[in-house]
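Peer 1: Okay, these came from TrEMBL:
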TRANSMEM  25-47  transmembrane segment
TRANSMEM  68-89  transmembrane segment
TRANSMEM  101-123  transmembrane segment
TRANSMEM  135-159  transmembrane segment
TRANSMEM  191-212  transmembrane segment
TRANSMEM  224-243  transmembrane segment
TRANSMEM  326-347  transmembrane segment
TRANSMEM  359-380  transmembrane segment
TRANSMEM  408-428  transmembrane segment
Amino acid sequence: MVSNALAVVRPDDLAAARAQMGFSLAWHIVLACLGVGLPLLTVLVEWRGIRTGDRSYRLLARRWARAMGVLFAVGAVSGTILSFEMGLLWPGLMGRFGQVIGLPFAMEGIAFFVEAIFLGIYLYGWDRLPPRRHVLTGVPIIIAGICSAFFVVSANAWMNQPQGFTLREGHVVGVQPWAAMFNPATPPETIHMILAAIMVACFLTAAVYAVALLRGRRDRYHRIGFVLPFAVGAVVTPFQIVAGDYAARFVAQYQPAKLAAIEGVYHTGSHIPLTVGGVAADGQLDYGVKIPDGLSLLVGSNPDTVITGLDRVPRDLWPPVTGVHLSFDLMVGVGFFLLALGVWFAAARWWRGVPNRAFLVLGAIAGPAAVVALECGWTVTEEGRQPWVVQGVMSVHDAVNPAPGLMAGLWLVLVVYAGLTVAVVYVMRRLARQTPVPTAPQERDVESYPVT
């Protein structure tokens, strides 16, 4: 294990550093998800407009493209803040292992610039490029966004399953950047995250139009704005549940302590029940609903499957059980809620039904619910690894900046993000309320399009 015995870190400074990083990540991850999913929706709706000649699709593409530009700009700011925080708050991590995980961050930077270049072409290419060529300029934005997510999450996967280096007398040698990036945790984490990003973008976008429909705006423009992203999200949801099962089985095999925290398993054994809800106290989960043999069956398809409990882990290395367990339960619950909504939506479309008010209310809730599931998933990933920043190699105590005064930085970041939140909400509301205007001076084709 890497340690720094000379560093004296005050508990409140460590808590401030963790809170600052956690808050920054929680804020940025929503924009990152929109950066992955919204270009996909925008290109899809523009393509439908070209195929059908329906101006409602074209108008949606214009409006979503404008929102995409705003969110990209703000996401670039919050992403830059995160990059500084990695070095300033966690110099122990980046100073020692930067050469190991530098490759995915460098690749993410390249993907970011590709995305920025083609986003500029896409935004300012309206009416200057033929429609079919213009929609093709959006494809690199989609690919670059997905690649950015892959590279960043692969770095996080390395923190859960470190490889590609050798520690010799406290020094990192034998670095293999490609082996580090393509570690065993990369496939389950990246697949799960990319699908989550698409779901968040789809259900958040659909929620905006669900609210408009509930307010009586039943024109074709708003119906398409709800139906298309909701349909994409509904299609992705079952694949995400399968990917989540794949990721959970990986955790069971490679991070048994995290699985024990997720499911509140304190004692190693077979025939372990699956506990829904509950609060950790005195070495057990109280007030939860237990499904007999459930966890053993899920992990090994056999009630005799042995599950490693926290009794095999030193007490000072236990993750916070209650927070991890409840976050996981909430994430799974939201996932099945969205799956049920998707089934309802498919049944209504099959019978050519119109979504009723109850469904639209739930559709409006689905957007924030998807964000909650996203945040809970990352809580499980990060809190479930505690107290390690790199699993089994470096603790958060050894990685944090030992300089005093980190609490002041936390308050400063909170103020900055509060300002960013107000600015984003204000601009997005202006974009939603204004009569459509050109994104660039040369745009004319939907300038006078009436939206009621």
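In case you wondered, yes, glycine gets a Cβ from its N, Cα and C as well.
Caution: TrEMBL annotation is automatic and unverified by curators.
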Peer 1: Okay, the transmembrane segment (25-47) and the transmembrane segment (191-212): do they have at least three CB pairs under 8 Å, pairs separated by 6 or more?
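Peer 2: Yes; at least 3 Cβ pairs under 8 Å.
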Peer 1: Out of 101-123, 135-159, 326-347, 359-380, 408-428, which stretch touches the transmembrane segment (68-89) the most, going by CB pairs under 8 Å?
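Peer 2: Ranked by Cβ pairs under 8 Å, first place goes to 408-428.
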Peer 1: Excluding the flanking five residues on each side, which residues at least 6 beyond the ends of the transmembrane segment (101-123) place their CB within less than 8 Å of a CB in that stretch?
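Peer 2: Same-chain residues near the transmembrane segment (101-123) but 6 or more away: 35, 65-66, 68-69, 72, 76, 79, 83, 134, 137-138, 140-141, 144-145, 147-148, 151-152, 154-155, 158-159, 177-178, 180-181, 439-440.
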Peer 1: Relative to the transmembrane segment (224-243), which of 25-47, 135-159, 408-428 accounts for the most Cβ pairs at distances under 8 Å?
Peer 2: 25-47
Peer 1: Can you name the far-off residues of the same chain, 6+ from the ends of the transmembrane segment (135-159), with a Cβ under 8 Å from a Cβ of it?
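Peer 2: Distal contacts: 32, 35-36, 39-40, 42-43, 46-47, 50, 100-101, 104-105, 107-108, 111-112, 114-115, 118-119, 121-122, 125, 129, 180-183, 185-186, 189-190, 193-194, 197, 381, 385, 389-391.
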Peer 1: Cβ under 8 Å, sequence separation of at least 6 from the ends of the transmembrane segment (408-428): give me the contacting residues as numbers and ranges.
Peer 2: 16-17, 19-20, 23-24, 27, 67, 70-71, 74, 77-78, 81, 88-89
Peer 1: May I ask for the residues of the chain that lie six or more residues beyond the transmembrane segment (359-380) and have a Cβ under 8 Å from a Cβ within it?
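Peer 2: Beyond its ends, the transmembrane segment (359-380) has Cβ neighbours at 25-26, 29-30, 33, 192, 196, 199-200, 203-208, 210-211, 213-214, 226, 230, 233, 258, 262, 323-324, 327-328, 330-331, 334-335, 337-338, 341, 344-345, 348.
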Peer 1: Excluding the flanking five residues on each side, which residues at least 6 beyond the ends of the transmembrane segment (25-47) place their CB within less than 8 Å of a CB in that stretch?
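Peer 2: Hits for the transmembrane segment (25-47): 57-58, 60-61, 64-65, 67-68, 71-72, 74-75, 78-79, 81-82, 115, 131, 134-135, 138-139, 141-142, 145-146, 148-149, 152, 194, 196-202, 204-205, 224, 228-229, 232, 371, 374-375, 378, 417, 420-421.
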